[in-house]
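Working notes for the structure below.
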Amino acid sequence: MIVIDASIMLAWLLPDEDSEAAEPVIVLARTAGAVAPAVFPLEVANAMRTNILRRRIDNAYRDKAISQFERVGVARDLEAFEPEVLAETIRLSDLHGLTIYDAAYLELARRIDCPIGSFDTDLRKAAQAENVPVYPQ
C-alpha cells in the first residue's frame, strides 16, 4: 500500500510533465494498492480545470485523463474528517509548514504506516522528518 498525492497523479496524466518519474509510483499503486485523503479526486479535477483555463489541455483530454485516473483505483480515506485525525493533520501542518491538504497525506501515511508518493518538495521533506518513506526515491 502507498499513499499517493495529486502531484504524482498529475505528472502521470498531464502532457509535458514528468510522467516517466511518476510511472513507477503508479505501477506500485496498481500492484500494491493506493489510498489518498478524500479530497484527492477534487485536487486532481481542479488541476485539470486549471489546465483547461490555461489552454494546456481541452475538455476531451481532461475527460480521458479522469478516466485513466479512476482506473488506477486509488481508495479514498474518509477518516480525515474525524476530530482526532483532523487535530493530528493540523498539528503536522503547523509543525512542518504544510498546507492542510498536504498534511492530510502525511497524516494518512503515518496512520496506516505506509510510504507516500509525492513530487511536492515540502511534503517530501516533512515525510522524511517523520520517518515516512517517500517515492520516487
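Glycine too: its Cβ is placed from the backbone N, Cα and C atoms.
The domain 'PIN' annotation in TrEMBL covers 2-127. Marked as Mg(2+) binding site by TrEMBL: D5, D102.
Other Cβ atoms within 10 Å of the Cβ of D102 (Mg(2+) binding site) number 25 in total over all chains. Secondary structure at D5 (Mg(2+) binding site), as computed by DSSP, is coil.
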